Amino acid sequence: REAGRKTYIPVMSGENKLSWQVKDLIPNSEYYFRVKAVNKIGGGEYLELRNPIIAEDPKQPPDPPIDLEVHNPTSKSVTLTWKPPLFDGGSKIMGYIVEKLAKGKERWERCNDYPVPLLTYTVKGLEEGQEYQFRVRAENAAGISEPSRTTPFVKAVDPIEAPKVLLAANLQSGLEVKRGDEIRLEAYISGSPYPSITWLRNDEVVTPEEIKKRVTTYTKKKKGESLISIRECIRADHGTFTIKVENDHGVAKASCEVNVLDIPGPPVNFVFEDVRKDSVICKWEPPLDDGGSEILNYVLEKKDNTKAEMGWVTVSSTLRHCKFHVTKLIEGKEYLFRVFAENRVGAGPPCVSKPLTAKDPFSPPDSPNKPDVQDVTTSSMLVKWNEPKDNGSPIIGYWIEKREINSTHWARVNKNLVNALEIKAEGLLEGLTYIFRVCAENAAGPGKFSPPSDPKTAQDPIIVPGPPSCPEVKDKTKSSVALAWQPPQKDGGSPIKGYIVEMQDEGSTEWKKVNEGDKLFPTCECVIPNLKELRKYRFRVKAVNAAGESEPSPATSEIPVQDILEEPDIFLDIGAQDLLSCRAGTTIKIPAVIKGRPVPKTFWEFEGKAKTAAKVEATDTSSLLTIPECNRSHSGRYSITAKNKAGQKTVHVRVNVLDVPGPPKDLKVSDITRGSCRLSWKMPDDDGGDRIRGYVIEKRNIDGKAWTTVNANCASTSFVVPDLITGQDYFFRVRAENRFGVGPPAETIQRTTARDPIHPPDPPIKLRIGLVTKNTVSLTWKPPKNDGGAPVTHYIVE
């Protein structure tokens, strides 16, 4: 029956047994049981339990805890964590018992007075420098478990950690506050042992005197925080704030630029420039302190200092620069000026000037002397004059006026001031007579005009030109002479129309014209043909303008008419001498300049043979060999030969076409195992004209299409390829690389299977004879100890 009921329920009847298993009980309920014996006569008395029985599984001590770990050891404590037992013994875990064992001792000590209800515990009171082992037991209603796995020895010492400091996120880019607000700087600190903390401003420690007034600092070690606060900040509080943390293992710093915004200070160094009777230029310099914000503008004011009742008048309130030209002053009055600087906080105090009286310090210049007129033409005249007295202010220029002699009206020659002491008056009318006058101007204004010049009429004076220079022989053949000369120094006031050449035959005193006046040579050179071979001639030249022929030039000495023989000479472009290097795919150009008389014939060769792939463009004085889209086969020695009657000359140039290297040779695979193999090869036949820097090694699965780089810069001609997958088939390729790139690959033709080398297996072992009949025998054996690197496929019985 249940403990709360009075009625018993039959469970078993009529069975001749001394035990019975009662089923279908309600878990955790209390039950009473009774039993009586029955024979033929009837039943005896019941045997009844005194105390009720709770329907629950049998209880036993739990299994030991698992995964015991040590964390955060210090000189005085260590933190342990673990996981619950895999089996709680049928009863809820009430807590855990932590035990420690000091090194060199035999007895385990209990660390906690009461069972720990959590899966972590911090053991305190350790002896610094001592080594300890730890273990944990679980406890339930049935008892205490066996101990957990013992930890390795842990030494009770503080961890070593260099200090670190980091400012709050809102301070990373600096802090900007207004005057009167609070400056609040926070930092986060770590390090072991916990570092000392120092706050500095502009590399100076924040002093205790400051702390007592407006500055507060405090530190929260547990949270690793430090804070400095400055109440009611002023402009002088701006600067670089630095927190310095230090322990035995190092120093760390973090800085923040703090800007305290305030109105700017007064501008400085107010001065006057270019004082006039009605104007003045005011200049000043920016404030020494801009208040931590950009100066937006300046406000300039003036005051009539002769009248005390007069107030300040704004001249301009939108000045961006430190200079302003004040106008509309009254001559003779005394003025005061003041200027304010403004930033986005407001306007600062003013800078006041010294008193200023509006007056000119100088007078206009004197008049120049009488102008002199030169270089008269039909439309222009050159007017010159001397510099007058400037009367205290430098002369800034001159005004020039002209008048036709029969008119009363003076007209300006120049639209702008002239800085020189002469001017070319243009646009005059041919045949009219003009006079000129000049006045100077300085800062006080223009002075008086000079007396008028002498009258001059607009017309050109024309005379015959001067003689040209003596002709020079530039070239000659057996029937002609080429001459050149310099033009005359004076053209006589009229352009040179051309030149007449005269010649004198050997033994004659008569000069004959080579060309007539209607067939002038237009330039300073000519070729005189139809001369007799080996005859000697002299030559001279005359210049011709609108006024006529000049005097003849000095005559040449006697010149024999004959061919000039010059041995050929070849000049290669300076960049192509000796060695010409170029990239493959570009165009090779080898230019040559040819000299010689008569004109030499030229031809090119490549390695002693005619070069048909090249294109040659030739003139009498040059030859250009061009190879478009060159390749390595175009490397070699090129020769150009020039030949004429006087001899011949050959010049060589070596061309090196640079390209990526060719494929490596003799690529082989050896030393194959299930995880690696060795590749070996030989250098390419063609290195591309440059040193091989290394080799690129790639692999590809037999089922894949993409190549995977194994080594991007192998310096030798062999390499062990690692990380192969056992049983996988591979192809390999190797490419050489120089500074121009990676060349074509050399590839393996046959697949390579990643497996260890296969050898015959060891013999089977433990051969035994089993059942024997008259015509059979049963044999058994065990596999060989070493299968030779491959599974045993079958056995042979002999």
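Using N, Cα and C of the backbone, Cβ positions are placed for all residues, glycine too.
Under the heading domain 'Fibronectin type-III', TrEMBL lists 1-58 (among others).
Mean predicted confidence for the domain 'Fibronectin type-III' (64-159): the pLDDT average there is 92. The domain 'Fibronectin type-III' annotation in TrEMBL covers 64-159 (among others).
The domain 'Ig-like' annotation in TrEMBL covers 163-259 (among others). Helix, strand and coil counts from DSSP across the domain 'Ig-like' (163-259) read 12 helix, 58 strand, 27 coil.
Sequence annotations record features per position, and here TrEMBL assigns domain 'Fibronectin type-III' to 266-361 (among others).
The feature region 'Disordered' is assigned by TrEMBL to 356-375. Listed by sequence, the residues of this chain that lie at least six past the ends of the region 'Disordered' (356-375) yet keep a Cβ under 8 A from its Cβ atoms are 272, 275-280, 329-337, 381-393, 395, 398, 400, 424, 436-454, 456.
Counting residue by residue with DSSP, the domain 'Fibronectin type-III' (364-460) contains 0 helix, 38 strand, 59 coil. The domain 'Fibronectin type-III' annotation in TrEMBL covers 364-460 (among others).
Positions annotated as domain 'Fibronectin type-III' by TrEMBL: 467-567 (among others).
Taking DSSP states H, G and I as helix and E and B as strand, the domain 'Ig-like' (554-656) has 6 helix, 62 strand, 35 coil. Residues or ranges marked as domain 'Ig-like' in TrEMBL: 554-656 (among others).
The domain 'Fibronectin type-III' annotation in TrEMBL covers 663-756 (among others).
Residues annotated as domain 'Fibronectin type-III' in TrEMBL: 763-798 (among others).
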Residues of the parent chain within Cβ reach of the domain 'Fibronectin type-III' (763-798), under 8 Å, 6 or more residues beyond its termini: 755-757
